[in-house]
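K.L.:
Pulled the feature table from Swiss-Prot, pasting it below:
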TRANSMEM  10-30  transmembrane segment
DOMAIN    19-216  domain 'Cytochrome b561'
TOPO_DOM  31-51  topological domain 'Vesicular'
TRANSMEM  52-72  transmembrane segment
BINDING   H53, D116, M117, Y118, S119, H121, E181  heme b 1 binding site
BINDING   R73, K80, H87, H160, R221  heme b 2 binding site
BINDING   K80, K84, R153  L-ascorbate binding site
TRANSMEM  85-105  transmembrane segment
TOPO_DOM  106-124  topological domain 'Vesicular'
TRANSMEM  125-145  transmembrane segment
TRANSMEM  159-179  transmembrane segment
TOPO_DOM  180-194  topological domain 'Vesicular'
TRANSMEM  195-215  transmembrane segment
Amino acid sequence: MENALSSQNLGFMPYLVAGSQILGIANLAITGAWLAQLQRRFLWSGPLQFNVHPLCMVLGMVFLCGEALLVYRVFRHETKRSTKILHGVLHIMALVISLVGVIAVFQYHQANGYPDMYSLHSWCGIVTFTLYILQWIIGFSLFFIPGVAFTYRSQFKPLHEFFGRALFLSSIATSLLGLTEKMFSEYSSHPAEGILVNSLGVLLVVFGAVIAYILTREDWRRPPLPEEQALSMDFKTLTEGDSPTDQ
């Protein structure tokens, strides 16, 4: 992603973007190593089915969600349509992969007679995932489907941005709750695994902090291209019936 920033005078933003990519890959590598080696790999059935859940949630709700949030900061010369499509595709990938993780843990609980939805992790997780689905549906309806009034899009955009960031941070917090729940009774008997999981938790927090900082910098926001400004005003005139010169 950082190559798209090379021609921009954006201070140290390219280094933060590069750092976020390294952190994201490190999170996935540590999660995979933990589950594949110390938790004895992955299976879709039996006692190892649970291992599918944390990998899918870290990949989907944390890494891919974070990548989707960075699209409008990183790709500054590509058309708005291209960046919008990439943003939406990354979110739908995150949604599908996370859905696999949710199904895996429910099936694992059912097969082993464990109760569902009893822990704080599960409550936060299902609320975050449900809101993520609603966020995607509403965002798709307003920003991808042609003909939606300019006023509705402009009014909802701040809420869309806020909930996107809030759900990303909520996903990281829920992941930390899940890691603690998984390892709570095993720290004393598996110290090496405990260190690895704690390291993963710290890296998840740093990954979230770096992306959150990039998103808070308004001066790093993607500027509209000249042709996009003209199209935006034409679209507003078409859907609202007013003239740009009247504003």
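Cβ atoms here come from the backbone N, Cα and C positions, even for glycine.
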K.L.:
Sort out the residues at least 6 away from either end of the topological domain 'Vesicular' (106-124), same chain, that have Cβ-Cβ distances under 8 Å to it, and list them.
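P.N.:
Here the qualifying positions are 45-47, 49-50, 53, 170, 173-174, 177-178, 180-181.
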K.L.:
When neighbour density is defined as the number of other C-beta atoms within 10 angstroms of a residue's C-beta, which of the binding-site residues H87, H121 has the lowest density?
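P.N.:
Looking at the binding-site residues H87, H121, the Cβ with the fewest others within 10 Å is that of H121.
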K.L.:
Are there residues at least six beyond either end of the topological domain 'Vesicular' (180-194) with Cβ under 8 Å to its Cβ atoms? List them, or say none.
P.N.:
34, 38, 54, 119, 121, 201
K.L.:
Pairs of Cβ atoms less than 8 Å apart decide it: which stretch in 10-30, 52-72, 85-105, 125-145, 159-179 has the most with the transmembrane segment (195-215)?
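P.N.:
Counting Cβ pairs under 8 Å, the winner is 10-30.
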K.L.:
I need the neighbours of the L-ascorbate site defined by K80, K84, R153. Which other residues of that chain put their C-beta within 8 angstroms of the C-beta centroid, in sequence order?
P.N.:
R81, F143
K.L.:
DSSP-wise, what's the residue breakdown of the topological domain 'Vesicular' (106-124) into helix, strand and coil?
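P.N.:
Helix, strand, coil within the topological domain 'Vesicular' (106-124): 12 helix, 0 strand, 7 coil.
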K.L.:
Counting distance between Cα atoms, which of the binding-site residues K80, H87, H160, R221 is nearest H121 (heme b 1 binding site)?
P.N.:
H160
K.L.:
For the transmembrane segment (85-105) and the transmembrane segment (159-179), does the number of C-beta pairs under 8 Å, pairs 6 or more apart in sequence, reach 3 or more?
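P.N.:
Contact absent: fewer than 3 Cβ pairs fall under 8 Å.
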K.L.:
Across all chains shown, how many C-beta atoms besides its own are within 10 angstroms of the C-beta of H160 (heme b 2 binding site)?
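P.N.:
H160 (heme b 2 binding site) is surrounded by 15 other Cβ atoms within 10 Å.
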K.L.:
Taking only the Cα atoms, work out how far M117 (heme b 1 binding site) lies from R73 (heme b 2 binding site), in Å, as a whole number.
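P.N.:
Computed Cα spacing between M117 (heme b 1 binding site) and R73 (heme b 2 binding site) is 37 Å.
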